[in-house]
Amino acid sequence: MAFPEPKPRGPELPQKRLKTLDCGQGAVRAVRFNVDGNYCLTCGSDKTLKLWNPLRGTLLRTYSGHGYEVLDAAGSFDNSSLCSGGGDKAVVLWDVASGQVVRKFRGHAGKVNTVQFNEEATVILSGSIDSTIRCWDCRSRKPEPIQTLDEARDGISSVKVSDHEVLAGSVDGRVRRYDLRMGQLFSDYVGSPITCICFSRDGQCTLVSSLDSTLRLLDKDTGELLGEYTGHKNKEYKLDCCLSERDTHVVSCSEDGKVFFWDLVEGALALALPVGPGVVQSLAYHPMEPCLLTAMGGSIQCWREETYEAEGAPG
């Protein structure tokens, strides 16, 4: 007689606070994992960018070169480069190891809200309050962008990149997807200023957060509304949202000091995680594991699942 296979364990949510790091860089405007989730970047209102090992709580390097607060950053696929954008309207390409500025790209007419590398880290895409996305060639000495996408009618709040498409969210209430293979632009109207957009990890859906305190899951190809997620508060700040590492949960910052997790399929609230008394400014979800980073005030918090045991901890 064969025994039935044990049921696979359901996804665990990161709700155990492992560490709080005081970043020492004013208000932390954004926190971002690197490509493999071993390191993270914090963007400070004191003009610095810092690289950490978040589980150990160690500061690895500080990057100074912006003229005003840093608002977003991203790491390259091979961990050799960083890009960042900020209130000084500049986009900066950094060498990770030396901490030096490799290039500083100027051309935006307002603060830069969002930056991303393409897959090969040969191009940086930057989205600005000036309502444009600019594409900068990391290998060229030319000062001007190789392309400017100016279809938005208001500021660009969020940009994400896949191997052949650019996804952009704007304060004009539209999600725009540029299909680079087809040379086509697709646009979906949400109706409320968009604060953050992202692809699902399987690439089939887009998640959109907006200032009506609602997240929407859209079918990437058809624009069909697949789900709505509410209960958090997002009326005035640009807050991050994302999907968990296995696309099982929708995750969002909130202005009431919590991070909200919803079941992606059911739409039901699974967890409201209390972080602290202020606005949860930013979050980052580990690419492979149930590990969450949150930013509030001048510090970041590292969260893992309840069953997690830190290396070297008593078993």
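Positions of Cβ are set from backbone N, Cα and C atoms, glycine also.
Copied over from TrEMBL:
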- 21-62: repeat 'WD' (REPEAT)
- 63-104: repeat 'WD' (REPEAT)
- 105-137: repeat 'WD' (REPEAT)
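When Cβ-Cβ distances below 8 Å are used as the criterion, the repeat 'WD' (21-62) is approached by residues 68-77, 79, 82, 84, 86, 94, 96, 99, 240, 281-289, 291, 293-302, 310 of the same chain, each at least six residues removed from its ends.
Packing against the repeat 'WD' (63-104) from elsewhere in the chain are residues 26-27, 29-30, 32, 34-36, 39, 41, 43-51, 110-117, 119-121, 124, 126, 128, 134, 136, 138: each is 6 or more residues past its ends and has a CB under 8 Å from a CB in it. Residue counts for the repeat 'WD' (105-137) under DSSP, helix first, then strand, then coil, are 0 helix, 19 strand, 14 coil.
Across the repeat 'WD' (63-104), DSSP assigns 0 helix, 24 strand, 18 coil.
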